[in-house]
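Swiss-Prot annotations:
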type	residues	note
ACT_SITE	Cys116	active site, proton donor
BINDING	Lys22, Asn23	phosphoenolpyruvate binding site
BINDING	Arg92, Arg121, Pro122, Val123, Asp124, Gln125, Asp305, Ile327	UDP-N-acetyl-alpha-D-glucosamine binding site
MOD_RES	Cys116	2-(S-cysteinyl)pyruvic acid O-phosphothioketal
Amino acid sequence: MDSIRIRGGKPLSGKIRISGAKNAALPILCATLLSDGESLLRNVPALRDIETTSALLRFLGRNVETAPPLVKVGAGDNVRPEAPYELVKQMRASVMVLGPLLARFGRAKVSLPGGCQIGTRPVDQHLKGLEALGATIRLSRGYIVAECKRLRGAEVVFDLPTVTGTENLMMAAALAKGRTTLVNCAREPEVEELGRVLNKMGARVSGAGTDVIHIEGADELEPFDHAIISDRIEAGTYMVAAAAAGGDVLIENAPLEDLEAVAAKLRQAGVEVGREGDCVRVRREGRPLRAVDVTTAPHPGFPTDMQAQFMVLMCLAQGTSRIVETIFENRFMHVPELARMGAHIDVDGHTAHVHGGAPLSGATVMATDLRASASLVIAGLVATEGETEVLRVYHLDRGYEFMERKLAQLGADTARVEGRDG
C-alpha cells in the first residue's frame, strides 16, 4: 500500500485548481443505466471511486471508456442487473445502481453496500421509497432483491434527509409512470446536479436542491453530454489546509457559494476568505487562530465531510472548541491518530472538545476513512518537527485527485511512497 510523507512547517502559497465533484459524478454515472446510446461525462476526476463505479457498470453490461476528465458510457450487448459484493463492498455509493436497474429492467439484485466505515449508514430509506413506487423488495443473504412491473409515481416522505437515498429515488422516478413527489429531501448541490442531468435525459425534475422534489417520469430517456460541477469538499479541504499552514492561496474553480458555512467558520477563526476573480483566496499570514464551535448539519449547514479537517485547524487555535457530529456515528476515528501527533481532544459521544494551542509533531499515522485521511495530511503540513507518514492512503485516493501533487504546487514538502505496508 502507498503512503504519503510530509515534512511540515512551511506556509502554503500559490494557486491550485479544483477537480470535478466525485459525489456528483457517481450518481450521474449510475444514471447512464437509464438509457441506451452513448453518454459523455466531462470534468470527471481520476479517483478510485470512479474506477470502482466504472468497473461496476462494465459488470452490469455497459461499455465504459475512462480517460479522465472524460468518461464515455454506452449500451452493451448483455444486461446483467446484478451488482456483486466484490464490487459493492468497496464503495457504499454503489447502491445507487438499484433505482436505475429496477426502473429500467424491472429487477435488480444489489449487494448491501460497503465503503468508509463511519457508522451503519443504512439503506432503509432507499428501500422504503422504492416500495412506495411499487417495487417488491426482500433481503436475501446480504443482497437486496427488488422486482417490479413498471414503477408508478407516488409521494415518498423520507424520515431524514439522505443524499444517496434522494438520488436513488430521483433516478427510479425518472422512468416511473406519472408524477413522483419526494419530501424531506437532501438539498446538497450534487442532488441539484443530478436533477439537471435527468432533465437533459428527458425527465421533468423540479425542486432539486430544495426539500421537495417533483419528478414527471418518461417512457424512455436519452443519453447525455454533461460537465460535472467542481468538488466543494475538495475545495473546502484546501481552504482549511491553507488556513492551517498559513500563507496566501488561490483556489481556482472553487464553488464558494456552496461553501458558505465553511467560509463563515474560517472567518470566525481569523482567516481571510474571499473571491478574487475566478478564484477563492484564503490568507492567514502571522495572525493567531481563534477557537470556534462547529456542529455538522445537512446542506446548507456545515458539512460532515469537512469535520475532520476543521478539527485539525482547531488543534492550532488558542482555547477550547466544541465539534458536534450530528450526521454519522463513529466519525471521530481520526482523533486517536491526531493524539499520536500531540493533539489534545476529548470525545464524549457525538461531541469532541478540542483543546488547542499545543504544537503538533510528526508521526506515523493510519488513515481510517476518506476525510480522516485528508485531516491527517493537513496535520502533517502543520507539524513543527519531524516527518509525518500517512498510511493506507487508498482511502485518500477514493476522493482526492493527486492531493500530494497539488500541495507540492503550493510549496508543501509532500511525496507519495509506493508500496508501503500498513
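Yeah, the Cβs are placed from backbone N, Cα and C, and that goes for glycine too.
Where Swiss-Prot records a feature, it is marked here on the structure.
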| residue | record | DSSP class |
| --- | --- | --- |
| Lys22 | phosphoenolpyruvate binding site | helix |
| Arg92 | UDP-N-acetyl-alpha-D-glucosamine binding site | helix |
| Pro122 | UDP-N-acetyl-alpha-D-glucosamine binding site | coil |
| Asp305 | UDP-N-acetyl-alpha-D-glucosamine binding site | helix |
| Ile327 | UDP-N-acetyl-alpha-D-glucosamine binding site | coil |
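Cα of Asp124 (UDP-N-acetyl-alpha-D-glucosamine binding site) to Cα of Asn23 (phosphoenolpyruvate binding site): a distance of 20 Å. Within 10 Å of the C-beta of Gln125 (UDP-N-acetyl-alpha-D-glucosamine binding site) there are 21 other C-beta atoms, taking all protein chains into account. A simple way to gauge crowding: the CB of Lys22 (phosphoenolpyruvate binding site) has 25 other CB atoms within 10 angstroms, across all the protein chains here.
Here the C-alpha separation of Asn23 (phosphoenolpyruvate binding site) and Asp305 (UDP-N-acetyl-alpha-D-glucosamine binding site) works out to 11 Å. Lys22 (phosphoenolpyruvate binding site) and Gln125 (UDP-N-acetyl-alpha-D-glucosamine binding site) are 22 Å apart (CA-CA, integer value).
Taking only the Cα positions, the spacing between Arg92 (UDP-N-acetyl-alpha-D-glucosamine binding site) and Lys22 (phosphoenolpyruvate binding site) is 13 angstrom. When the binding-site residues Pro122, Val123, Asp305, Ile327 are compared by Cα distance to Lys22 (phosphoenolpyruvate binding site), the shortest distance belongs to Asp305.
Sequence-distant contacts (6 or more apart, same chain, Cβ under 8 Å) of Asp305 (UDP-N-acetyl-alpha-D-glucosamine binding site) comprise Ile233, Gly236, Arg371. In the structure as shown, the Cβ atom of Asp124 (UDP-N-acetyl-alpha-D-glucosamine binding site) sits within 10 Å of 11 other Cβ atoms. Its own atom aside, the Cβ of Arg92 (UDP-N-acetyl-alpha-D-glucosamine binding site) has 18 Cβ atoms within 10 angstroms in the protein chains shown.
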